[in-house]
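A quick write-up on the structure given underneath.
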Amino acid sequence: MADIVAKIIPILLLIAFGRYLSYKHILSQSTIDEIKKVVMDVALSSVLFLAFINMELKAEYFLLCLLIFVLLCILYSIGVGLNRLKGLRHPLIPFIITGNAFGLLGITLFGTVFGNENIGKLSILGVGHEFFIWFVFITLMRMKLKNERLSMDIAKEMIKSPLIISVVLGVVLNIMGLGVWIQEYSFTKGLYTTLQYLSNLATPLILIIVGYGLKFDKKYMRQSIQFVLLRSISILIIGYVFKFFIMDRLVMTDVMFDYAYFTFLILPPPLSLSIFVGNYSTKEHEELTNNTVVLNTVVTIAVYILFVLTI
């Protein structure tokens, strides 16, 4: 129990520090946005590269990526169905129900508690998630909220994504058996060590960013609570039905994978969702989305801490 508490305290302190920076206006929102970009493109990419180059790759992992992609598509369809119910109708519901903050929160929470050596368990789920976000989620958002037509721009953006490049490069070098070779020569070992240093920046910076963004708008609180409840109930029910009846029959899992899967399911929507909504919809929808993501982030952190205390 003492070890678990010791891992939870840094999460709370770093989030509180981020909130303090916001409250005292020590850093501007534009500065935080720039730091977030560095974290996503450099620090988090380093985490994923190191995770995949050192991971024991199994054929079933590729199946897991496909299964997560299918699960997220199902959740989007559930959102479309909920949007047709009287009293629930809202164009944002399908996009609130599916997708999550895998990169900016999932890896941070999981890695802080279970260690970077187990990040691979969650990262495998994240690969299927990234394919869904880039190829399906953003495409549908453009089509549904802005009435745009299908284009190749999304595919081009995904190919250029540092997260995708780091995963692909890590997998390729792993398959080629170069993970050990890299550490046998001074120059390549130096590059590897540099990536380790960069990856260590991810967790503290992300938690500070999360804390900085914890601001509520009372105007949207009622709708946000409804969205968070809809999302949580839908994802947990569909997610575990999918796991018990499909995933567990096709893929061998262990306790650490079960922890990773739970982490994956309880995550809030992508922290950048409000930015996407702002680009493709109204200002009101953008503010509502931001409030929902912030509320869901607080709920996720609280639930995760309770979960960790029970294991």
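Even glycines carry a Cβ here, placed using N, Cα and C.
Same-chain residues lying 6+ beyond the ends of the transmembrane segment (6-26) with a Cβ under 8 Å from its Cβ atoms: 109, 112-113, 203-204, 207-215, 301, 305, 308-309. The transmembrane segment annotation in TrEMBL covers 6-26 (among others).
The transmembrane segment annotation in TrEMBL covers 38-55 (among others).
The transmembrane segment feature in TrEMBL is assigned to 61-80 (among others).
The transmembrane segment feature in TrEMBL is assigned to 92-113 (among others).
Under 8 Å from some Cβ of the transmembrane segment (119-141) lie the Cβ atoms of residues 47-48, 51-52, 54-55, 61, 64-69, 71-73, 76, 94-95, 98-100, 102-103, 106-107, 110-111, 150, 154-155, 157-158, 161, 163-164, 167, 256-257, 259-261, 263-264, 270, 276-277, 280, all in the same chain and six or more residues away from its ends. The transmembrane segment annotation in TrEMBL covers 119-141 (among others).
Summarising the annotation, TrEMBL assigns transmembrane segment to 162-182 (among others).
As annotated by TrEMBL, transmembrane segment applies to 194-216 (among others). Beyond the transmembrane segment (194-216), the same-chain residues lying 6 or more positions past its ends with a Cβ under 8 Å from any Cβ of the stretch are 10-11, 14-22, 27, 32, 35-36, 39, 42-44, 46-47, 49-50, 104-105, 107-108, 111-112, 116, 271, 291, 294-295, 297-298, 301.
Sequence-remote contacts of a segment are chain residues at least 6 beyond its ends whose Cβ falls under 8 Å from one of its Cβ atoms, and for the transmembrane segment (228-247) they are 64, 67, 71, 74-75, 78-79, 82, 88, 93, 96-97, 253, 261, 265-266, 269, 292, 295-296, 299. Here TrEMBL flags 228-247 (among others) as transmembrane segment.
What TrEMBL lists as transmembrane segment is 259-281 (among others).
Per TrEMBL, the feature transmembrane segment maps to 293-310 (among others). Listed as Cβ neighbours of the transmembrane segment (293-310) (distance under 8 Å, sequence separation of 6 or more from its ends, same chain) are residues 1, 4-5, 7-8, 11-12, 15, 101, 105, 109, 113, 210, 213-216, 221, 224-225, 227-228, 231-232, 262-263, 266-271, 273-274.
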Stretch among 38-55, 92-113, 162-182, 259-281 sharing the most Cβ pairs under 8 Å with the transmembrane segment (61-80): 92-113
Flag the pair the transmembrane segment (259-281) / the transmembrane segment (92-113) as in contact if three or more Cβ pairs fall under 8 Å (sequence separation 6 or more). yes
Let me spell it out: take the transmembrane segment (92-113), skip the flanking residues so only those 6+ beyond its ends count, and list any with a Cβ under 8 Å from a Cβ in it. 4, 7-8, 10-11, 36, 39-40, 44, 47-48, 72-73, 75-76, 78-80, 82-83, 119, 121-123, 125-126, 129-130, 132-133, 137, 140-141, 144, 163, 202-203, 206-207, 209-210, 227, 230-231, 234-235, 259-260, 263-264, 267-273, 277, 281, 285, 288-289, 292-293, 297, 300-301, 304, 308
